[in-house]
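Swiss-Prot has this to say about the protein:
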{"type": "ACT_SITE", "residues": "C101", "note": "active site, nucleophile"}
{"type": "ACT_SITE", "residues": "C215", "note": "active site, cysteine persulfide intermediate"}
{"type": "BINDING", "residues": "A7, M8, S9, G10, G11, V12, D13, S14, L33, G125", "note": "ATP binding site"}
{"type": "DISULFID", "residues": "C101-C215", "note": "disulfide bond"}
{"type": "SITE", "residues": "H126", "note": "site 'Interaction with tRNA'"}
{"type": "SITE", "residues": "Q354", "note": "site 'Interaction with tRNA'"}
Amino acid sequence: MAKIMVAMSGGVDSSLAAALLHEAGHDVTGVTLHLWEGDDDRLAESLCCSQEMTESARRVCAQLGIPYYVFNYQREFRRYVIEYFLREYASGFTPNPCLECNREIKFRALLARARTLGFDYVATGHYARIRADETRHNGEDAGLPPAERAQRTTYRLLRAVDREKDQSYMLYMLGQDDLARLIFPIGEYTKAEVRAMAAARGLASANRPESQDICFVPGGDYRNLLREERPDALRPGPILDLEGREVGRHQGLPLYTIGQRRGLGIATGQPMYVTALDVARNAVIVGPESALRRESLRAEWVTFVSGMWPEAPFDCLAQIRAHADAVPARVIPGEAGTVDVHFSRPQRAVTPGQAIVFYDGDVVLGGGRIARD
């Protein structure tokens, strides 16, 4: 029997994760991370930090008869996620704050706290799988001491069985020490199976709808947050075509992203898309749809799940956004955490600031941030 901390959002996925581990005989404790204090009705009730979701997690733990606690990580969330989010936008990148939340809060900080409190493992409701050597690890072998597991096992991170819900792209930053202490109990199930299993157990969260929003930007409209927190970053400037001709004016680089067509306020006689954000000139660059396609990119801050930097170029599948298809690519390792990636076919709207993740079939090799040219 292992002592397992389950990170619970109040949704059905983490609720079932807790239930499955409890049923398997483990000593399970549920925890919710309080990350963001919404004011002026910014925080919707369906979002992970809302009072309603916290109460949902509490009710599930009461049903299961397991302890439940709320950890306050607002200060860390502000520092590592919100400030990053604002800084990246102000610098002409399009960030993915959920990646930083996973990296700094949900895994780095929570794993450290779990270790301090004497827990063997942390479990979450993520749709992904961990394989120890050739043996799938989803909680069945959680009785092994973590130190022993880590010493004798190589861990691989895999896509979930449910490809529509797969979250492995968001977990590429996990390393061997992380995977040795993590459990993803629902990675082998489809979402429909998860809901059915939760309903069969009478879990209060069985039919709770999912939220697709960034937790501190309900509705996906980050512009108001930028206006409140970084008004200096919203400097008007020119919209330039590919020949450098001014075809309009923009209201601030952070309000635009690669591939955007709507809301440009320009009339050029043909559809025009944002192809680049030129920070040096404070200019939005636009061009035809064909100009969005890229055959290669450079990635920075690259890490590999194995913990080992590749010594030679390698072929893999590369995915440039959370819900994009992974396509064949060749990765050429560089220096200081950078790689060059050459695609087998041009990719549309490659966006600096987003993540690129490398796969070998279902296995996550690693990933990094797409750099600016």
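Note: Cβ is positioned from N, Cα and C throughout, glycine not excepted.
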* Asked: Nearest to the residue listed as 'active site, cysteine persulfide intermediate' in three-dimensional space, by Cα, is which of the recorded positions A7, S9, G11, H126, Q354?
  -> S9
* At the Cα level, what's the spacing in Å between G11 (ATP binding site) and Q354 (site 'Interaction with tRNA'), rounded? -> 26
* Asked: Which chain-mates of C101 (active site, nucleophile) that are at least 6 residues away have a CB under 8 A from its CB, listed by sequence?
  -> L35, F77, Y80, V81
* Look up C101 (active site, nucleophile) in the DSSP assignment and report helix, strand or coil. => helix
* Structure fact -> H126 (site 'Interaction with tRNA'), DSSP three-state class -> coil
* Could you work out which of the recorded positions (S9, Q354) has its C-beta surrounded by the smallest number of other C-beta atoms within 10 A? => Q354
* By CA-CA distance, flag whichever of A7, S9, D13, L33 among the binding-site residues is nearest to H126 (site 'Interaction with tRNA'). => D13
* What Cα-Cα separation, expressed in whole Å, is found between S9 (ATP binding site) and Q354 (site 'Interaction with tRNA')? -> 24
* How long is the line from the C-alpha of Q354 (site 'Interaction with tRNA') to the C-alpha of D13 (ATP binding site), rounded to the nearest angstrom? -> 26
* Per the record, ATP is bound by A7, M8, S9, G10, G11, V12, D13, S14, L33, G125: how many Å separate the farthest pair of Cα atoms? -> 16
